Number of protein chains: 2
Amino acid sequence: MPVTDTDLANAIRALSMDAVQAANSGHPGMPMGMADVATVLFTRYLKYDPAEPKWADRDRFVLSAGHGSMLLYSLLHLTGYARPTIEDIKNFRQVGSPCAGHPENFELPGVECTTGPLGQGLAMAVGMAMAERHLNAEFGDDLVDHRTWVIAGDGCLMEGINHEAIGLAGHLKLGRLIVLWDDNKITIDGDTGLSTSEDIPARYEATGWHVVECDGHSFADISRAMDAAVKDDRPTLVRCRTIIGKGAPNKQGTAKTHGSPLGDEEVAAARKELGWDYPPFEVPGDIREVWLQNGKSRAAPHAKWQERLANSDQREEFERRMAGDLPQGFSVRDHVTRLLGEPKTVATRKASEMALEAINAALPETVGGSADLTGSNNTLTKGLGTFDRDDYGGRYVYYGIREFGMAAAMNGMALHGGVIPYGGTFLVFSDYARPAIRLSALQRARVVYVMTHDSIGLGEDGPTHQPIEHMMSLRVIPNLDTYRPADTVETAECWELAVSRKDGPSLLALSRQNLPQLRAEAEENRCARGAYRLKAAEAERRVILIASGSEVETAVEVREKLEARGIGADVVSMPCWSRFDAQPQDYRDDILPNVAPEKILRVSIEAGTTMGWERYTMVNGLRFGLDRFGASGPGARLYDHFELTAGAIEAKIVSTLG
Amino acid sequence: MPVTDTDLANAIRALSMDAVQAANSGHPGMPMGMADVATVLFTRYLKYDPAEPKWADRDRFVLSAGHGSMLLYSLLHLTGYARPTIEDIKNFRQVGSPCAGHPENFELPGVECTTGPLGQGLAMAVGMAMAERHLNAEFGDDLVDHRTWVIAGDGCLMEGINHEAIGLAGHLKLGRLIVLWDDNKITIDGDTGLSTSEDIPARYEATGWHVVECDGHSFADISRAMDAAVKDDRPTLVRCRTIIGKGAPNKQGTAKTHGSPLGDEEVAAARKELGWDYPPFEVPGDIREVWLQNGKSRAAPHAKWQERLANSDQREEFERRMAGDLPQGFSVRDHVTRLLGEPKTVATRKASEMALEAINAALPETVGGSADLTGSNNTLTKGLGTFDRDDYGGRYVYYGIREFGMAAAMNGMALHGGVIPYGGTFLVFSDYARPAIRLSALQRARVVYVMTHDSIGLGEDGPTHQPIEHMMSLRVIPNLDTYRPADTVETAECWELAVSRKDGPSLLALSRQNLPQLRAEAEENRCARGAYRLKAAEAERRVILIASGSEVETAVEVREKLEARGIGADVVSMPCWSRFDAQPQDYRDDILPNVAPEKILRVSIEAGTTMGWERYTMVNGLRFGLDRFGASGPGARLYDHFELTAGAIEAKIVSTLG
């Protein structure tokens, strides 16, 4: 008998239920419910090459409902990707297997992005679709001409970020974005009717989307809907009416199949129901062969594309961009030299704009933006052009009041490759974007967060807008480099480090208020060390003042007062903890000598929470900051109010020294 | 000439532009644009009593677009609230004035909630409307029968949380919720068309809302729309077509009026345009008088309500509930005594359910829920009933996959008063709710967050679902009490502390995996101290092991191994940092004596980031945890993999002691 689409889909179902059963953990319902839709997608629509998972012009496929990871692992395996192997799948959800509970881009090259935190996959796909159109505008149809496909569940659509993501996609008319909605009417708690009564297609249409429907278990109907999606010039939501856990006769259509193994008995019943008369993890040769052939045939366009690339005069630039390499010799040294020539007292958000003028001119791959705070974040430089539906070549995105959506879109752009995204909001609203910042770090995505108004120094907007705990709460995110530069030179240096980092995100915390230029030399990028001695004690060293950002100025003032009393004090500027912690022991010992507090008192000054600074001041040092919410008033007045002035700090240090 | 509605509205406009001008900071555009709508609301619809701002059956008014704070301050002042005075308004945005940059509920009794972080005001209003219906179901129309009104801007509607909030409100059919949308087509960056092309009314209709429109500068039309809103049994969005900065002749209708003072020249031009021929901050007597009369007349229902309350047999209970007092003698002691009688090895999420069975039975004011993880968060206890459109008396809310919306709704419920909300999700998704958790803390709202699956111990779901940095990032939020209990007894104690706290939120981090019962006595609530000595050293004390949650078990095992070697070790269980830090010095010195590490080595064990633990271990102590993302695999296997086992920890301690 010839192999049918149903056979192909049942191979996914069998692998999924077997792997979940073997792991005794996982989500069989979604892979079994969407197996038919995924089969149509991977055999007739998606453009991909299992032999070269990272081929630049491949379609991007995002499993936004990441808990259904076995769907993706099954597809990658069956279509012939080198990984996962059947052994990998047998070890689903075990330490060491690339088949993690949720798909992770750093485990398998065939996984475009890490999903599981609901809503973010679809929102990243928006960013991928933006990057695609942007690169298409620059490199043309010959090199860049692909789609972004998403499978999303009810959870992805119910999360707030869905509103931000589809609003952006509809506004930008991202017609190459197609979302396949697994409309199974089931969430973990039970029927979707428990918590929602929304008309989802109407909502999508309200934001400029094209919506089609299909029976998610009819191959012909799925194809018809996908054809309609491909033809339309708007982003498309394909409502796939499915039965969760389809094939498990006693549990399908219920929440019981969602997040638990089916159980041996029901797995056996499903084998019977599906006519799948093979042992666990075995896919019969003929079915395996047809899957492999499909994997090969979908890769046909790759060879032609290689030819076009070989003949393109943009080849070198395109390859550089997609490899994520910066242009030869890129550096901010010239810019910094100019800064030294004309020292400026400006806010670091302005210093950031000045650095960006140089960076954006040198790096055509940057794509900037702001969540409706362009003039405050100083993220727009001359000549970038607006990225919109009429000009995807523009390099500046008006993200709207969508911090989370912006951050997720930037993740998608960075993962797509070819662009380096940066985007701004107020530091306090890093909270809104935080789930995506975490995913930048986990996914090792080169995204630069420009977070201005970084302390009570912002003044009158008051406690709702004044970050207190934010720097510390961001420093604890693994693999995120956080920077709080003190002046124009440090800001430029931190920017250089941020855009040069290929394996993770960076976040710049910038002041609203003006700060003096403190650095008078710039032979090397001193921020690369994370912390460095800005001023050395002149009198006998009794104190080391450690500060970041706007408080480095305060530290310098405190030092002058102490030195005037004959108390020697170093000033250590510490823009980046993670970089400092990564320095060799001898460097760290030089900056912060391991001496008892009675001999050298360590003092931290940062207009934010003091918790955590014990790491550098030691418990017996002094920590100046703010462990309560701020207040509304002019910024300078607030520093007085909260006793974060050089005079108050000097007094406390002197009394501590005795 | 008789005082007209226009005169009343212009008083708002004048105060707003003058205050912003005097502060040289603020947002005049929104108050001037919405002055007409607000005048109609406060003179004809809103039920409030300036003499008793906290009257229980008042309508709630939420200025979701909090940057337009001068609108609210003007209204409270003009209608006769004791504060703000005209002096307060003259000191708008100055330290010490209750007229902060954004409205703050803890500064002015007339302010229902703290707004400014966009989208959250409206989402809190949903919670207020839920609380109103819930209390109405319990106490009847006589005591509880009011509406919730919101003014929201484009920012509030563009934020992701708007989707979650209106989805919930539409699903629950909260007909007493009315949102007045300031449709001025302007955001900070410019025209809304820069970033959105959404059909907002269609989106609201898609989620079950009633939508009406009006000319926001026609008093009659505004009234017509409000009448329609009041009549409909669905929540209503009133689209108010307005001109931002209306009255400022050269700047109105543009982003220039949004977030900056108009400037002296334009203020003068606006005076002319408005025919407002009075000095700054002066409101002529007749206009002032009409405003005051309106304030009085809107309070008319209050006296009748007082009569009904006096005659109600539910009076005592109603007053107790609204005062936020727990029933006399409430305690978990009986429950704890039972626990001691039959020690149980259960996950703390299960221990939480056990505690909740007792608490929900004792406290009729609790309203629980989960963001679609009911069975995982163990938040549903027997007999609560479902809160839905058919039964607002139910005490359990299926919030759907809406972590942020849930948290904001809980803030609204807590601020409404009469209920104590708690809600669950996974600890890792505290990130999704974080902006609302911050507002719980800032607003001093009694909300209890039930965050389960609190470490790599959750196992197979992998790094996307494994909290690493979360406990620490939550501990740095001012005024948030975070708890990580170790067993059934501690869990019950932490719950008791959480529901008993009137002035702020609490967060419980709970394990997915089983944990043994460690506490064998319970004469007092030992968690109230934040940390306590669970086990004292038997041999000479060389080590203090400090741990939280699931790692207290590990600490106990390590202690046994050390004692077997003749090394004395205390085990300190530390469920709550903020409570411990608030203890008297002598208690803290007793638990953690200030002795050099050579004499007593301090060791922290917590399956999360180690940053911050220096506070208790001192820099030269040892910190066991995880400063990287987790992995997918069975939980116990991950503890091995990351060397967080008693054996590995013992070895390191022994080698450190030398």
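Backbone N, Cα and C define each Cβ position, glycine as well.
Listed in TrEMBL:
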type     : residues                                                                      : note
ACT_SITE : B:GLU403                                                                      : active site, proton donor
BINDING  : B:HIS27, B:HIS258, B:ARG349, B:SER376, B:HIS453, B:ASP461, B:HIS465, B:ARG512 : substrate binding site
BINDING  : B:HIS67, B:GLY116, B:PRO117, B:LEU118, B:GLY155, B:ASN184, B:HIS258, B:PHE429 : thiamine diphosphate binding site
BINDING  : B:ASP154, B:ASN184, B:ILE186                                                  : Mg(2+) binding site
DOMAIN   : B:346-517                                                                     : domain 'Transketolase-like pyrimidine-binding'
SITE     : B:HIS27                                                                       : site 'Important for catalytic activity'
SITE     : B:HIS258                                                                      : site 'Important for catalytic activity'
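When the C-beta distance to chain A is held to under 8 angstroms, none of the binding-site residues B:HIS27, B:ASN184, B:ILE186, B:HIS258, B:ARG349, B:HIS453 remains.
In this view, the densest Cβ surroundings among the recorded positions B:ASP154, B:GLU403, B:ASP461 belong to B:GLU403, judged by other Cβ atoms lying within 10 Å.
Each of the binding-site residues B:LEU118, B:ILE186 was scored by the number of other CB atoms within 10 A of its CB, and the lowest score belongs to B:ILE186. Calculated from their C-alpha atoms, the gap between B:PHE429 (thiamine diphosphate binding site) and B:SER376 (substrate binding site) amounts to 13 Å. B:ASP461 (substrate binding site) sits 19 Å from B:GLU403 (active site, proton donor), counting Cα to Cα. Neighbours of the Mg(2+) site: apart from B:ASP154, B:ASN184, B:ILE186, residues of the same chain with C-beta atoms within 8 angstroms of the site's C-beta centroid are B:GLY153, B:ASP182, B:ASP183, B:LYS185, B:THR187, B:THR192, B:ILE244, B:HIS258. The Cβ of B:HIS465 (substrate binding site) has 24 neighbouring Cβ atoms from other residues within 10 Å, across all protein chains displayed.
Considering only the binding-site residues B:ASN184, B:SER376, the Cβ with the fewest other Cβ atoms within 10 Å is that of B:SER376. Taken residue by residue with DSSP, B:GLY155 (thiamine diphosphate binding site) is part of a helix. For B:ARG512 (substrate binding site), the nearest neighbour among the listed binding-site residues (B:GLY116, B:PRO117, B:GLY155), judged by C-alpha distance, is B:PRO117. Cα of B:HIS67 (thiamine diphosphate binding site) to Cα of B:ASP154 (Mg(2+) binding site): a span of 12 Å.
For B:HIS453 (substrate binding site), the nearest of the binding-site residues B:PRO117, B:GLY155, B:ASN184 in terms of C-alpha separation is B:PRO117. Within 10 Å of B:ASP154 (Mg(2+) binding site), counting C-alpha to C-alpha distances, fall the following of the recorded positions B:HIS27, B:GLY116, B:ASN184, B:HIS258, B:SER376, B:GLU403: B:ASN184.
Comparing B:HIS465 (substrate binding site) with B:GLY155 (thiamine diphosphate binding site), their Cα atoms are 30 Å apart once rounded. Per-site Cβ counts within 10 Å over the binding-site residues B:HIS67, B:HIS258 peak at B:HIS67.
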